[in-house]
Every structure is written in C-alpha cells, then in structure tokens.
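Read through the structure below, which is laid out as structure tokens, and then see the notes.
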Ligand SMILES: [Zn+2]
C-alpha cells in the first residue's frame with residue numbers, strides 16, 4: 001500500500017517537476033500563472049492535468065488547439081514515480097529514503113534543464129544545498145567538517161578543470177558539484193565526479209562516433225554530474241569496491 005501511494009505521489013510530484021523544467025530556464029514564475037497550454041495559452045482544467053492519463057486520453061495532443069504535447073512530460077512523471085517507489089522499497093520512509101526521493105527528483109530537473117538549455121539554475125543548486133543542510137541534522141552519516149571539505153573539494157576540482165580547459169566546465173557545473181560535495185563529503189564527491197566524467201566522456205565519444213555530434217559541439221555536463229551523484233549516494237560501497245579492483 002505504501003508503495004502504491006508512493007507511486008501515485010511520485011506521478012503527481014512528477015507533473016510539478018515538468019512545470020519546473022519548463023518554467024525555470026525561461027525565468028517564469030513557478031506558481032503563477034496556473035498551468036496552461038504552452039501553444040494556445042488556454043488554462044488547463046483539472047481533467048487535463050492528471051499525470052500520464054490525461055496525456056494518453058488526449059492522444060498526446062492539446063484538447064483545445066490540437067498541438068502535440070511532448071512525450072517528455074509523461075516520461076518524467078513515470079520515471080519519477082518509479083524512482084520514488086524503488087527508493088522507498090529499499091529504504092522505507094527513513095531520512096535516507098526521503099532524501100533519496102528528493103535527490104532523484106532534483107536530479108531529473110537539473111539534468112533535463114541542462115540537456116535542453118545548457119544551464120543550471122542557481123535556485124536548484126541552492127535547493128540542493130539547503131536540502132543537504134536539513135539532511136545533515138537527520139542523519140549521522142558524517143560530521144559537518146567532512147561535508148564542508150566535500151563542498152570545498154567539489155568547488156576546487158571543477159574550478160581548476162575550468163581554468164585548465166578554459167571553459168570546458170561552466171559556472172553552473174562548479175556550483176552544482178560544490179553542493180553535491182556537501183551531500184557526499186570527501187572522498188565521496190571525488191567518486192561522483194569520476195563517475196560523471198567517465199560516463200560523460202564515453203557518451204561524448206559514442207555521439208561523435210555515431211556522427212550525432214561534432215568534436216567541437218558542446219555537451220552539457222550537468223546530466224552526467226547528477227548521475228554520478230545519485231550513483232555515489234545510493235551505491236557508494238559497491239562503487240568503492242569496483243574502483244579499487246580496477247587497479
Ligand atoms: Zn493548446
């Protein structure tokens with residue numbers, strides 16, 4: 001029953017994530033105006049706003065103007081719901097379980113916005129950091145000094161990389177890894193950067209090999225950073241074991 005409710009809440013929260021993904025990078029207010037079709041501006045009724053089901057029922061089109069609704073919307077809702085359900089299944093309604101859901105959703109929003117707009121809104125980084133401060137008081141995972149060290153390292157490594165590569169990493173990436181560092185401490189933040197850089201470069205090479213991207217095309221790093229972050233938050237022990245077996 002808990003899992004079913006988690007799934008339902010995950011869907012509903014997922015449609016709020018869609019609002020963030022659409023409005024934050026456009027500098028729009030996230031609460032006002034109420035949900036409307038982005039094409040014809042018609043205000044949507046509650047029956048148009050049921051996660052996933054409205055999309056299916058309407059055949060992926062706006063009820064009022066017939067404009068196609070992007071499939072990203074229901075997919076975000078479903079992925080968020082599945083993610084929440086899996087996390088609560090493993091951790092229950094513990095501090096770690098709730099924090100895991102929070103991070104999973106935030107990662108979805110940051111990743112999608114960066115992928116589409118090549119930017120990471122400061123408000124999301126601040127939300128991530130504030131969540132980390134709250135989490136610190138509910139968990140005995142590590143001391144505050146370790147978290148601050150993680151924050152400093154999370155700032156310093158990408159900052160140095162940005163200086164050396166002259167702009168390979170953006171300012172948004174640097175702030176993001178600093179906030180991640182507060183959550184993961186040291187060396188956790190280093191592991192997360194490692195995973196992000198590894199998956200990011202493999203993806204970059206594949207995209208170039210498949211001729212989907214040219215060598216000079218920018219590839220947003222945010223999606224890979226949040227992926228590395230989630231991997232280390234949930235699977236740190238497994239990662240450490242794998243990492244040391246490499247050498
Ligand atoms: Zn419309």
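Just so you know, glycine gets a Cβ as well, placed from its N, Cα and C.
The transmembrane segment annotation in TrEMBL covers 6-24 (among others). Residues of the same chain lying 6 or more positions beyond the ends of the transmembrane segment (6-24) and with a Cβ under 8 Å from any Cβ of it are 30, 35, 38, 49, 51-52, 72-73, 76-85, 88, 101, 105, 108-109, 112-113, 116, 121, 123-124.
If you look up TrEMBL, you'll see 9-89 marked as domain 'Prepilin peptidase A24 N-terminal'. Broken down with DSSP, the domain 'Prepilin peptidase A24 N-terminal' (9-89) shows 44 helix, 4 strand, 33 coil.
The transmembrane segment annotation in TrEMBL covers 88-113 (among others).
Shown for the domain 'Prepilin type IV endopeptidase peptidase' (101-205): DSSP residue counts in helix, strand and coil, namely 91 helix, 0 strand, 14 coil. Taken from TrEMBL, the feature domain 'Prepilin type IV endopeptidase peptidase' applies to 101-205.
Here the transmembrane segment (119-138) has long-range neighbours at 20, 24-25, 95, 99, 102-103, 106, 109-110, 113, 144, 147, 170, 172-173, 175-176, 178-180, 182-183, 222, meaning same-chain residues at least 6 beyond its ends whose C-beta is under 8 angstroms from one of its own. Residues annotated as transmembrane segment in TrEMBL: 119-138 (among others).
Taken from TrEMBL, the feature transmembrane segment applies to 150-169 (among others).
Here TrEMBL flags 189-210 (among others) as transmembrane segment. Beyond its flanks by at least six residues, the transmembrane segment (189-210) meets 150, 153-154, 157-158, 177, 180-181, 219, 221, 224-229, 231-232, 236, 239-240, 243 of its own chain at Cβ-Cβ distances under 8 Å.
TrEMBL lists 222-244 (among others) with the feature transmembrane segment.
Through the fold, the transmembrane segment (150-169) approaches residues 175, 177-186, 188-190, 193, 221 of its own chain, all at least 6 residues removed from its boundaries and within a Cβ separation under 8 Å. Within the chain carrying the transmembrane segment (88-113), a Cβ under 8 angstroms from the stretch's Cβ atoms is held by residues 2-3, 6, 10, 13-14, 17, 20-21, 24-25, 72, 76, 79-80, 119-121, 124, 127-128, 131, 135, 138-139, 176, 183, 222-223, 226-227, 229-230, 233-234, all 6 or more beyond its ends. The average pLDDT computed over the domain 'Prepilin type IV endopeptidase peptidase' (101-205) stands at 94.
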